[in-house]
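Student: Sharing a structure below in C-alpha cells format, with a few things to ask.
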Amino acid sequence: MAIKKFAVACYDDEAVLFPAVEKVRHSGYKLHDVYTPFPVHGLDVALGHKESDLHVAGFCFGITGTATALSFMSWVFTKDWSINYGGKPFFALPAFIPITFELTVMFAAVGMVLTYCYLNQIMPGVKKHIFHPRQTDDLFVVAIEITDPAAELEIIDFLKTTGATETNVQVAEEGWWYGRWDKEEEYQKQQLA
Amino acid sequence: MHLKYESFVREALINGDKTYGQVTEDICRPIEQKPSKLWYMGFAFSLLLLSFGAFSVFWEVYWGIGTWGINRTVGWGWDITNFVWWVGIGHAGTLISAILLLFRQGWRTGVNRAAEAMTIFAVMCAGQFPIFHMGRVWNAFYVLPYPNTRGSLWPNFNSALLWDVFAISTYFTVSLLFWYSGLVPDFATIRDRAKTKLRKRLYGLASFGWTGTAKNWQRFESLCLVLAGLSTPLVLSVHTIVSFDFATSVIPGWHATIFPPYFVAGAVFSGFAMVNTLLVLVRKIFRLEDYITIGHIEAMNKVIVLTGSIVGVAYLTELFMAWYSQVVYEQQAFKWRVLGPYWWSYWAMMACNVVSPQFFWFKKLRRNIVFTFILSIVVNIGMWFERFVIIVTSLYRDYLPSSWTYYSPTWTELGFYIGTFGLFFTCFFLFAKYFPVIAIAEIKFTLKTSGDNYKREMKRLDEMSVPEFIHEVEHAH
C-alpha cells in the first residue's frame, strides 16, 4: 500500500470530537479516518457513513443454513436411505425443525463474523498503522491526509483551533499488511533516523 | 456537556469517579502484573483436579464403561446429570450478553465478558460427558453426518440425542464467536499499552490488527446486535433440546410437555448462581468492586429469585399433572420420587432450589455479598440434585420389578466430575490472568451515562429550571 503523510489530531472527549469532525468535513481537507476507543454513537452519522448492511449478509447465510439442513435431511430420509422408525413418515418435517434452526443460526453467525472480518480487513497477523498508542485507550484521533505538502502547517493550525489536545504529522502506510506488532516497520525506522 | 440522559434514581453502574483512562488502567492491571500467590495456588489446584479427572477418564476408556456405577436399569447416571448441569450453567453468559443487550440493560456491560467466558468453559465441560458416555469414545465421530463406506449410513435426524449434538455444537460456536468479537478491540487496547515485546506480539496476533476506526465500530455494533438477535432464540433452544432428550421418551417422570420452559428457567437459575459465585471472587481478587458493584449482584439475585420461583412452580405442576393425568405409572413414579429410596435427593432439591432463593425477596440479603456467595453455591448444589432427581429417580424402578435397582456412582464417575471442575477452573484462571475480565470498550460506552461522577452532574441538571438549562446548553462550547 501507499505510504502517505497525515496530519493527526487527538481529542480527549467525544463532546469536543463531534464539532471537530463537523469542522473537518466542512474544511475540504481529505479526512482519512477517525479512531475511537469505543463505539461512539452518532459518529457514523456525523461522518456521513451509510448504515452497515452486515445484517443482509447474516440473512443470506442464515437462509443458506436453513436450505442446507432441510434439503439434506429430506434427501437422506426420502431418497438416499429411508428408514422406518416405528411407522412414522419418512418426511417427518416437525422432527427436522430443531436441526434446521440450529444450522440456520450456525451458518448465519459464522458467515456474518467472516464477512465482518473481511469488511473490516482484520485477521490474525494483520498490522495497521496506529496514529496514537492511546487511540484504543482514552483518546479520539482524527487523521487528515496531507495531499498538498504546502498546506501541512495550515492543516495543523486548523486542527489546533478545533480543540485538539495534541497534533502532529506522521508518515504512514494507509492500508494493512502482514506484520508483527513488536517490530517497527522500515519506513518508521527511516523516519527516526 | 453530555446530553445522554439516565435518571439519577437509577443506581450508578461505575463507581469511583472514573475517567476513560482509569477504566483501561483498572481492567488491564491484573493482566500486566505478575499474578498473585493466590492465583498460582488456585491454578495449581485446578490442574491437580484436572489431572485426576484425566486419570479417571483414562481408567474408564481403558477398562470400559463398566467401571461406572450405571447399569442396565439406570443407563444414565452421574454422567448425564453432570452434562445437563454444566449446560445449564452455560446459559447465563449468552443470556446476559444477548437477551440483556436486546433489552438494553446497561448493567450487563460489567459482567458480560466473565459470564460469556464461563459459558464457553461450562459448555466445554458439558460436552465431555455424553462423549465419554458413548463407551467406545474413539467412534464418537459416528454422530456426525459424513459420507461413509457403510452406505452412506446417516445418523437418525429424528432423534433428540442427535438434535443435542447440533444444538450444543452450534451454541458453543456462536458463543465463542460472540465472545471473541467483543474481545478483539480489548486485545487491541492491551496491545497498544504493552511494554514487553512478547506481550505486544501475542496480543497483536489476538487483536486481529484492530485500530478502532469509526466504520469498524459501526460494523461491530451491527454485528453484536444481529448476533444477540440470533443467540436469544438459540439460548432458549439449547436447553429446550436438552429437555427433549427426556420429554420425547415414554418414561414416567420424563414424558412431560412442561419440560422445555422448566429446563430453560432452571438453566438460567443455575447459570446466574454460577456467575455470582465467580464474580463475587473476581471483583474481590482483582479489586474490581467499582465495576461489578453491589447493584450488579443485586440485579442477578433478582433473576435468581424469579427463575427459582418458576422452577418451584414447575416442580409442583409436575406433581399435580402426575395426579391429574390418572396414569398410574406417572403417579407411582412421582410418589417414589418424593418418598422412595431417593427421597433425600428430592428434598435436597426442594430445599436448595425452591426454599433458599426466597430469601432474596429481602433487599438486605440481595445486597449482602457473603450471603449471595453462600446462596449461589447452595443453588448450584440444588440444581445438580434436580438433574439427578429427574434422571435417576425416573429410571431406577422401571416397568419390570425384577430389574429395580439402586444406583450410586463409582470413583471413576466422581473423578470425571471433579475433573471437569479442574477443566473449568483451569480455563477460568487463565482467562482471568490473560484476558480483560470486563469488556473495556463497552464499559467506556456506558461510563458517561452510568458513572457516578456523571450521575451527580445529571442530578444537578435535573434540579435546574428550564431557562437555566437552555442557557447552559447554548453557552457550552
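Just so it is clear, glycine is given a Cβ too, placed from its N, Cα and C backbone atoms.
Annotations for this protein, taken from TrEMBL, read as follows:
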- B:38-63: transmembrane segment (TRANSMEM)
- B:83-103: transmembrane segment (TRANSMEM)
- B:115-141: transmembrane segment (TRANSMEM)
- B:161-183: transmembrane segment (TRANSMEM)
- B:223-242: transmembrane segment (TRANSMEM)
- B:262-282: transmembrane segment (TRANSMEM)
- B:303-324: transmembrane segment (TRANSMEM)
- B:344-362: transmembrane segment (TRANSMEM)
- B:369-396: transmembrane segment (TRANSMEM)
- B:416-435: transmembrane segment (TRANSMEM)
Student: Are there three or more C-beta pairs under 8 angstroms joining the transmembrane segment (B:303-324) and the transmembrane segment (B:161-183), sequence spacing 6 or more?
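Tutor: As far as Cβ distances go (cut-off 8 Å, pairs 6 or more apart), the transmembrane segment (B:161-183) and the transmembrane segment (B:303-324) do not touch.
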Student: Relative to the transmembrane segment (B:38-63), which of B:115-141, B:223-242, B:262-282, B:344-362, B:369-396 accounts for the most Cβ pairs at distances under 8 Å?
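Tutor: Of the candidates B:115-141, B:223-242, B:262-282, B:344-362, B:369-396, B:115-141 scores highest.
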Student: So which residues does the transmembrane segment (B:262-282) touch in its own chain, when a touch means Cβ under 8 Å and the partner is 6 or more beyond its ends?
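Tutor: 84-85, 87-93, 95-96, 111, 114-115, 118-119, 122, 236, 239-240, 242-243, 288, 292, 296-297, 300-301, 303-304, 307-308, 310-311, 314, 317-318, 353, 357, 369, 372-373, 375-377, 379-380, 383, 386, 428, 432, 437.
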Student: With pairs closer than 6 in sequence left out, are the transmembrane segment (B:83-103) and the transmembrane segment (B:115-141) joined by 3 or more CB pairs under 8 Å?
Tutor: yes
Student: For the transmembrane segment (B:369-396) and the transmembrane segment (B:223-242), decide whether they are in contact, meaning at least 3 CB pairs lie under 8 A, counting pairs 6 or more apart in sequence.
Tutor: no
Student: So if I exclude everything within five residues of the ends of the transmembrane segment (B:83-103), which remaining residues of that chain have a CB under 8 angstroms from its CBs? That is, six or more out.
Tutor: 111-112, 115-120, 122-123, 125-126, 129-130, 133, 168, 171, 174-175, 178-179, 182, 224-225, 227-229, 231-232, 234-235, 238-239, 242, 263-264, 266-272, 274-275, 380, 383-384, 387, 391, 420
